[in-house]
Each structure stands twice: as structure tokens, then as C-alpha cells.
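Engineer: This is the structure I have questions about; it appears just below.
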Amino acid sequence: MKFLKSNPFLALANNYMIDAPEPSNISYFWNFGSLLACVLVVQIVTGILLACFYVASMDLAFASVERIGRDVNYGFLLRALHANGASFFFIFLYLHIGRGLYYGSYRAPRTMTWNIGVIIFLLTIITAFLGYCLPANQMSFWGATVITNLLSAVPFIGDDLVQLLWGGFSVSNPTLNRFFSLHYLMPFVIAALSIMHLIALHTNGSSNPLGVTANMDRLPMNPYFLIKDLITIFIFLLAINYMVFYNPYGFMEPDCALPADPLKTPMSIVPEWYLLPYYAILRAIPNFQLGVVAMLLSILVLLLLPLLDFSAIRGNQFNPMGKFFFWCFVADFCILAWIGGSHPENVFITIGAYATAFYFIYFFILIPVYTILGNTLIDLGLPRSNK
């Protein structure tokens with residue numbers, strides 16, 4: 001242990017992972033950070049190995065991906081781990097964000113930690129989309145065509161931006177080269193931001209379910225919380241092994257098994273399941289430009305939460321109104337995911353429009369309203385309690 005504290009590099013790891021003081025009452029909802037770190041390592045390692053065999057060419061990309069699964073030693077394992085690892089990464093990411101929303105982890109003094117996390121979330125979405133396009137299958141080709149066309153919503157220079165991104169007049173070899181290069185780079189950027197996220201977190205320490213400062217009641221990270229983290233990591237390993245060996249393509253669309261055909265449009269163009277809520281928001285607004293703005297705002301609104309929530313009580317643990325509306329928001333988010341994966345028929349478009357409206361009403365109206373109402377009730381109750 002003395003060596004861990006005397007060596008400057010090991011001392012840094014010791015301060016963050018072994019001797020770090022953590023609130024004694026944090027629950028398993030605080031384990032998603034370690035799970036995300038574990039999955040990120042898996043994604044980087046498998047991604048580097050897959051890149052050794054991938055060919056960024058419209059003619060050979062699909063064949064190279066199939067060859068990885070058929071001819072490369074343990075290639076099927078690498079491919080399944082990488083594909084399903086992305087899904088697990090988003091599962092843990094959404095749960096991590098949901099825990100932060102529920103317990104008010106975006107409130108001061110952890111606003112910087114929250115903002116870095118939102119940037120990581122946005123970059124993760126971009127990285128996932130880039131990787132989704134690389135196999136050059138039927139769904140990814142048309143998904144790349146549709147999503148990259150969103151840049152045409154930029155006034156005056158939109159069409160030029162699309163052609164610059166494509167490297168031509170359609171999704172082709174230059175497009176795959178650009179996407180492959182960026183997809184290889186982005187995980188390392190996310191890893192660097194994750195370290196910044198960790199540094200910002202340890203500046204003021206972790207929050208806790210009670211939402212109060214707990215500087216006097218803390219325990220060292222090792223062994224108490226490391227053992228706790230290992231439990232959820234082992235559960236994750238069991239889950240991803242089940243998906244890899246028993247249902248490796250469970251999260252994929254059937255059209256992902258077909259090579260790209262520029263002359264034939266799929267019956268329904270949908271992104272991966274973890275991007276469906278934002279795709280539903282895009283489709284819910286008839287105006288193209290406003291739909292793109294709404295989709296982007298639905299992510300960036302998380303940066304405004306520290307300003308929108310000024311409640312005297314941190315989090316929803318002791319806030320009945322906040323708790324009720326939070327679970328309404330969770331249900332609304334699930335409805336958006338369902339609508340995003342459905343055919344764009346009138347009934348689904350209508351439901352998506354109402355769900356999209358509630359999504360923004362929750363952030364811009366409900367949170368400030370029940371915050372003001374809650375603060376007012378607290379102010380009215382304080383004189384009575386003092387008496």
C-alpha cells in the first residue's frame with residue numbers, strides 16, 4: 001500500500017479507485033459508472049481488433065464484415081461482443097442519466113460533472129451512428145442516407161455540408177472512409193472525457209439518495225464499493241455472454257443481413273433501438289427544419305436542467321410531484337421508443353406528436369412549475385415549524 005501512495009501515477013489511481021471516500025448510503029444505482037467504464041474498455045479492445053480486418057469500401061465492407069464472422073479466428077465473438085456491447089452501453093447510459101435526473105445529480109456543485117456527461121452522451125450517439133453505417137448493409141446504407149441528409153436543414157450551406165460529408169453526391173467509398181476514421185477516433189475522445197468526468201466528480205464527491213451533503217459519513221471505495229461494483233459487473237458479463245452466444249443478432253433488424261442496394265428502399269428505415277426516441281421526435285414534427293432542431297434540442301436540453309430546477313430539495317426522493325412527473329417522463333420516453341420503431345402511419349404519428357410535446361413540456365414547464373410550487377409550500381411551512 002505504501003508503494004501505491006508513493007508512486008505518482010499509482011497514487012492517482014489509488015486516490016480515485018481505492019481510498020476515495022464515498023457516501024455510505026449509495027445504492028446499486030451508483031454502479032452504472034463502473035459498468036460504463038467496463039463496457040467502454042470492451043468496445044475499444046474489440047473495435048481495434050475488428051478494424052484489423054474491416055475494409056472501408058462500398059464493394060467490400062459487407063463482405064469483410066461477413067468474413068470476420070466466418071473466417072477470422074473468434075471473429076464471430078468479436079463482432080457479437082462489439083455489436084451487443086453498444087446496446088449494453090446505451091442501456092447503462094440511459095439508466096445512469098435516469099438516476100441523475102431522479103436524484104438531482106445535475107444540481108450544484110456537480111453541474112460541471114453533469115455537463116461533461118451530457119457531452120459524452122452526445123458523442124456516444126454520434127459514434128454509435130457512425131459504427132451503424134460501417135457494415136454497408138441495406139439498413140445502414142439507407143439509414144446513413146436519411147440521417148446525413150439532416151444536415152441539409154442548415155440554412156444556405158446545408159446541401160454543401162451533405163456533399164462534403166458524403167465526399168460526393170451519395171453515400172459511397174469516401175463516406176465510409178470518413179465514418180470509419182471518425183468511428184475509430186471517437187471512443188478515445190469519449191475515454192478522455194470520461195476521465196474529465198471522473199475528475200470533476202471527485203472534486204466534490206458523489207451525491208447520495210438523500211440529496212444532502214454527507215462529508216461526515218463516508219467509507220473508502222475499497223473494499224466496500226469495489227465489491228459492490230464487481231457484483232453488477234459479473235451480472236453484466238452473464239447478460240452479454242447470453243446475448244453473444246445465444247442471441248447475437250437479437251438487437252438487429254432483418255435488413256441488416258442484406259448487402260446495400262441503392263436501387264431498393266427498405267420497407268421501413270429505422271436506426272438502432274437506442275436512438276428510436278430521437279427518431280420519433282424527428283418524425284413527429286412535419287416541418288423538416290423544426291424536426292431537426294427538436295431532435296437536437298431533446299438532447300441538449302439536459303444541459304439546461306441546472307437552470308430549470310431550482311428546488312430547495314435536491315432530487316425527487318422527497319418530492320411527490322417531482323417523483324410522479326419523473327415516472328410520467330420515463331413512460332413517455334418508452335412510448336417515443338415504440339413510436340420510433342413503428343411504421344409512419346397516421347395513428348403513430350399522432351401519438352408521437354403528443355409524446356414529443358410532453359417530452360419538452362416536462363423540461364420547460366413541469367419542472368419549473370413544480371419547483372416553484374414546492375418552494376412556495378416549503379416557505380409557507382417554515383414559520384409553522386419554527387413555532
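Cβ atoms are placed via backbone N, Cα and C, with glycine included.
Summarising the annotation, Swiss-Prot assigns heme b b562 binding site to H82, H183 and lists sequence analysis as the type of evidence. Feature annotation from Swiss-Prot assigns heme b b566 binding site to H96, H197. Residues or ranges marked as ubiquinone binding site in Swiss-Prot (evidence: similarity to another entry): H202. Among the features that Swiss-Prot reports, transmembrane segment is placed at 32-52, 76-98, 113-133, 179-199, 225-245, 289-309, 321-341, 348-368, with the record citing similarity to another entry.
How buried are the listed features, and what sits near them?
Structural biologist: When secondary structure is read from DSSP and collapsed to three states, H82 (heme b b562 binding site) falls in the helix class. Residues near H82 (heme b b562 binding site) in space but far in sequence (CB under 8 A, at least 6 apart, same chain), listed by position: Q43, T46, G47, L50.
Spatially close to H197 (heme b b566 binding site) yet at least six residues away along the chain are T113, I116, G117, I120, judged by Cβ distances under 8 angstroms.
The Cβ of H202 (ubiquinone binding site) lies under 8 Å from the Cβ of N15, Y16, A20, each of these being in the same chain and 6 or more residues away along the sequence.
Proximity of distant same-chain residues to the transmembrane segment (348-368), defined by a Cβ-Cβ separation under 8 Å and at least 6 residues beyond the stretch ends, is recorded for 280-281, 283-285, 294, 297-298, 301, 304-305, 308-309, 322, 325, 328-329, 332-333, 335-336, 339-340, 342.
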Engineer: Tally Cβ pairs under 8 Å between the transmembrane segment (289-309) and each listed stretch (76-98, 113-133, 225-245, 321-341), then give the stretch with the top tally.
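Structural biologist: Comparing 76-98, 113-133, 225-245, 321-341: 113-133 has the most Cβ pairs near the transmembrane segment (289-309).
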Engineer: For H96 (heme b b566 binding site), just count the other CB atoms lying within 10 A of its CB, please.
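Structural biologist: So the Cβ neighbour count for H96 (heme b b566 binding site) comes to 21.
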Engineer: Give the one range among 32-52, 76-98, 179-199, 225-245, 321-341 whose Cβ atoms make the most pairs under 8 Å with those of the transmembrane segment (113-133).
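Structural biologist: Selected stretch: 179-199, with the most Cβ pairs under 8 Å.
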Engineer: Using Cβ atoms only, which residues of the same chain lie under 8 Å from H183 (heme b b562 binding site) while being at least 6 residues apart in sequence?
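Structural biologist: Long-range Cβ contacts: G47, T127, L130, G131, L134.
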Engineer: Among 32-52, 76-98, 179-199, 321-341, which stretch has the highest count of C-beta pairs below 8 Å with the transmembrane segment (225-245)?
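Structural biologist: By the under-8 Å Cβ criterion, the transmembrane segment (225-245) pairs most with 76-98.
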